[in-house]
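Right, one structure below, let's go through it.
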């Protein structure tokens, strides 16, 4: 079931909210976990009913594994093997469904064989709930959380607002909120704030992201079909897809955060104006934030620490240590992130590009460290250049992310940098001017205005702490236009218009969220 579907908005959501607050009102709090699990399974089953059993099996298996790890820890016994088996089991299931066909296809390409694997359908949300449960097992092994009852754990994993595509949450972040005294106490404020965030997310998805897709997709389809692409088409496709990807995924995250808030639950922030970042490092700190936290805490840091000891033991110098402890692990981790997004070489190359970007950015910071120590900070012109370079790198990498094959990406890149077409465009200036002021480019300009100047969703709702740990983000990337939502009649009308437009555009061409494929 899609958040941006009429059956979800007008049937599933109202009945679920009514049941949830009804249980709280009549003092049946112990029943809300069972109710939310049942509702979430209904929500998930609309996509592919048989795969509900895979989800249930995953939840039960990880719950038992978590109990074993905790029991061994309480007896001061080593739980390394239990954690290893649980992690490997999760990754094995993910690997089979997500990468088996990719592996077989590449073996066939190398060995000229014709092996096939039929009827392997990628289960919805498997990447997200797998990572979430691995983090849970590690947190138990570290003593950071205690395993609770099965219904509480099941609610943590399959709570429908965050089930399909995140944000990736931790048990210690979400579950204590269900036991707070104020759960259900401020239901009017929670519903108002949650509905506003949901409306903004729906608008982002159906009005902006799906509109951007109508401009970007035909060009990528043409490139895949081997049709010629000119310079303006290439830049139109690259820029519109970047807009589509950002507003699609941040729109989904807003909808998830808004839905959870309607139930009185705050989720972590997942996007914080990444397209306003002045470096690729800052971009990744603000893009898919919960995934980056998972990667840093459970993959990057465990990888870097032994490499740092290795570098010290070998007596590597400044740049040798940089390569071993920063550049190499960063590139490796981002190749894995690329593969996490999908089983195709385009995703591997996307990860390689961003890993290289980050390594170069870290190298540049190292080179500029002496200048910063002397008090020579970058001027406004330099900051602007940094921003433009960052945005250009993101746009170029997104071409590879969207392309069906690497060759398709090369086709569009080649079109984007055809210098001879710039000369031809100048000679045909009247026609080129008409192209520049055509609908796609005006659309891009409007989106650039929104991204560069307007507050993001969390900033707009800043007064109401829309997400967990909001104080960390409150003063980051402050908007040029400092709008703040308030519970007034004027803002109620604004929210109603945004929600109406979001719903009205559903019927235009309903499409899945991009990250549903991952």
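Cβ coordinates come from backbone N, Cα and C, glycine included.
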Per TrEMBL, which of 441-461, 462-482 is transmembrane segment?
441-461
Candidate ranges 345-364, 365-384, 405-424 [criterion: TrEMBL lists as transmembrane segment]:
345-364
Can you dig out which of the ranges 6-24, 101-119 TrEMBL describes as transmembrane segment?
6-24
Which range is it, out of 60-77, 186-203, that shows up in TrEMBL as transmembrane segment?
186-203
Positions on the same chain near the transmembrane segment (385-404), where near means CB under 8 A and six or more residues out:
216, 220, 223-224, 237-239, 241-242, 245, 275-280, 282-283, 341, 346-347, 349-350, 353-354, 357, 378, 412-413
If you count Cβ pairs under 8 Å, which stretch among 6-24, 120-138, 150-171 touches the transmembrane segment (31-47) the most?
150-171
When counting Cβ pairs under 8 Å to the transmembrane segment (345-364), the leader among 81-100, 120-138, 319-339:
319-339
